[in-house]
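Q: Structure in structure tokens, see below.
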Amino acid sequence: MSGKSLLLKVILLGDGGVGKSSLMNRYVTNKFDSQAFHTIGVEFLNRDLEVDGRFVTLQIWDTAGQERFKSLRTPFYRGADCCLLTFSVDDRQSFENLGNWQKEFIYYADVKDPEHFPFVVLGNKVDKEDRQVTTEEAQTWCMENGDYPYLETSAKDDTNVTVAFEEAVRQVLAVEEQLEHCMLGHTIDLNSGSKAGSSCC
């Protein structure tokens, strides 16, 4: 891949067993292991991609969802460019815990502007028949908690996996573009000492 690549750090967060490792492995290696064990601590994989003409190296961090691994995973939140809040559509509790994961990330990642931080919500395991969370419920949660993009995925069937990670990149680039626009709008007239342009931040 030619051209300068932008390094983006993306964190997968959610309860243990919702399929975070499977999503990461499906996206990076295009493999699915139905016998995969729970993650202990953190793991990460890289993948290069091009989104809307931008070359990106995506560094995907998969974190252990169990409470006992909290002290191992939280130091790795810092420096994240995007967070993929993940639940399993056949596990109602994992959906109800999304708010806790959101708060944990914002606190430990030391997010300065939570309202504009790029979160993407993934409802995984849509290949399962015994669904406990409807699409409408998940979309409503996303609208009420930050107007986040919502995608339904299946690492097993490779449903929307690539789309999900590309959406994460687009969300980061959109925030970056907005910040650049704001900075350009804050030009200063050196002669009068007054600011020119309007603020969008």
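Any Cβ shown, glycine's included, is placed from N, Cα and C.
Below are the features listed in Swiss-Prot for this protein:
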type    : residues                                        : note
BINDING : 18-22, 33-34, A36, 38-39, G65, 124-125, 155-156 : GTP binding site
BINDING : S21, T39, D62                                   : Mg(2+) binding site
MOTIF   : 31-42                                           : motif 'Switch 1'
MOD_RES : S34                                             : phosphoserine
MOTIF   : 64-78                                           : motif 'Switch 2'
LIPID   : C200                                            : S-geranylgeranyl cysteine
LIPID   : C201                                            : S-geranylgeranyl cysteine
Q: Name, in the order they occur in the sequence, the residues of the same chain whose CB lies under 8 A from the CB of S34 (GTP binding site) and which sit 6 or more residues away.
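A: When sequence neighbours closer than 6 are ignored, S34 (GTP binding site) has K156 within Cβ distance under 8 Å.
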Q: According to DSSP, does D62 (Mg(2+) binding site) fall in a helix, a strand, or coil?
A: strand
Q: Between the Cα atoms of K125 (GTP binding site) and S21 (Mg(2+) binding site), find the distance and write it as a whole number of Å.
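A: S21 (Mg(2+) binding site) has its Cα 12 Å from the Cα of K125 (GTP binding site).
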Q: In the predicted model, what is the mean pLDDT computed over the motif 'Switch 1' (31-42)?
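A: Looking only at the motif 'Switch 1' (31-42), pLDDT averages out to 67.
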Q: Name the secondary structure element type, per DSSP in three states, that contains K125 (GTP binding site).
A: coil
Q: I need the nearest neighbour of D62 (Mg(2+) binding site) among the binding-site residues V18, K20, S22, using C-alpha distances.
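A: Comparing Cα positions, the candidate nearest D62 (Mg(2+) binding site) turns out to be K20.
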Q: Give me the count of other Cβ atoms within 10 A of the Cβ belonging to S21 (Mg(2+) binding site).
A: 23
